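Q: Pasting a structure below so you can have a look.
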């Protein structure tokens, strides 16, 4: 691209000629033609650099030309000397220029290839944009289909909610009825139980009053028992005094009687006395008890008799207290009264026993009633729980309907979410792989460090053993030196001065101590270093083992997560594949249905067009006949020309109105078809559930169509109005127009009925299979 640095510039051809310079303008060098006039924008900087490098060559060439013009004679004289050198330089310059041209051609070829590649890339991008546009259109169509399906599902959900609401209302009504009946029965049972409880409370209050009286009697009996205890204690004291007296007497008698006889008699007497004392105590206790009971009964009887006698004396006032008969009567009356009181007391005791039995029975009844109440409360709780369960079931069904709605709303986002999950799973997989590789590298480095530390341990042990051996050798040398010194001292006849020997010995000892200290210090330091190294190595080994275990656990967890992610990825791919297959099947069904609907619509439109054309030709024929009759009437009856013109205008206005009505009806039919198409998309889901009614709708459609066709034929084949005589042509023209108007209105009604029948047939065809739909189409066309 750049000219060679060795050349100072191109030599013009006139330099090698011996003839004088011509007057023609000198040509520019050939390399100037190599510079392109229009360069591509990508290589503009290269061309600018090339021009910058070639400018000095141009200036040098101009300088040479000017020098040639000024000194032609001198250049001619130097021809012989510089000829061969100039030729060689020119050949080199030509070779370099050829190389430069080849390089430039190669660059041009590369630029063309790059431009072609850019064009191909742009075309590929354009194709990708078109594909994206098509995919976007397909996605919009699919979204519309899904919206239609969602609308159908919404209708189904509303139906389900209405059904569940009705069932819930029915269950609530039944529950309310059961609850009302149970509450009524419970209230009745409670009222009966309250009445019984009131009676029992009354009986209990009476029993409590009696118990209070009995408690008072018991207190009196306790007081009497206290008095009896006091008397018993007094009698015991007297008995003890008598016993002491008897013992004293025995002692006195025992002194008089021998010991053996005394002991035997004393034992026998003591046993007898003990037995008699026990019997007496038992008799005394029984007598005390009977006496207490009799005393209580006597006191009660005396008290009752005193009260009753007071009553009698109060009620009966004797007229003469000295009469004996009255006293006898009173005495006999008192005796009878006492007998009756005794009988009443016996009866009262029997009533008390019966009352205690009745109280026990009532307590048993109360316990049974309480058990019944608890059982009824348990049944009520069970019924409430069952009601709560039913309400929970209804709520669960409602939540299930909501869940279905949410699933329908989430179905649109499933594919995108699966794609995102797959992308995130792949990215996580890459991150996990990188983490595992980095952790493995770090583990390898740490293991290498541990191995290096373990490899250093033998060298440290060797150094330690070497130091120990060195210490032993130094000690041996010192001992040898000391022994030699002692031998010298012994062998020498004249010992040296004591001061020198003592100094030398002291120095040797100091040196020995210093060497021992140094050796001990070095050995201790070496041992410390070895222990530290061992502890550090052990700690590093433990840490590395922990790290290795953690890394193994993390590796296992990552493997498990990778396995789970792989499973999730596989499930997501399967779901995506299923969704794509389902979308493809739905698209295929949609295209088939669209084709079927298009064919059926085209057939119906063609049929309607043929019928309309036939009816239009019929109307035109009738209009032509009416015009001919009108012309005949105009020719024959000049006097009614004005009326004929008016009738003509009326007929034209009627035709215009008919055309406008037909246009409006066509527009209305088109709008109706669009509305039916929109309603058809919305009612696909509901019509699929009505598959059982398809046969009835088809039969109904087949029965309606022949009646419509017969009606049309009867309208079309209606008898033409007879030609009137020349005396009444207007009366003949008016019925024809009325018949035309009636036929058009009938035609419009038939068209409306036919459009409704077409929409019903399309709904039926959507619910049935393709064979039934294809078999019903010829019947519709017939």
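The backbone N, Cα and C atoms fix where each Cβ goes, glycine too.
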Q: Tell me which of 20-40, 41-61, 62-82 corresponds to the region 'Disordered' entry in Swiss-Prot.
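A: Of 20-40, 41-61, 62-82, Swiss-Prot gives region 'Disordered' for 62-82.
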Q: I'm validating the feature mapping. Which of 177-218, 219-260, 261-302 is tagged region 'Disordered' in Swiss-Prot?
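A: From Swiss-Prot, the annotated region 'Disordered' range turns out to be 177-218.
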Q: With DSSP helix as H/G/I and strand as E/B, how many residues of the compositional bias 'Basic and acidic residues' (208-218) fall in helix, strand and coil?
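A: Counting residues per DSSP class in the compositional bias 'Basic and acidic residues' (208-218), I get 11 helix, 0 strand, 0 coil.
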Q: Take the coiled coil (498-691) and average the pLDDT across it for me.
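A: When the pLDDT values over the coiled coil (498-691) are averaged, the result is 75.
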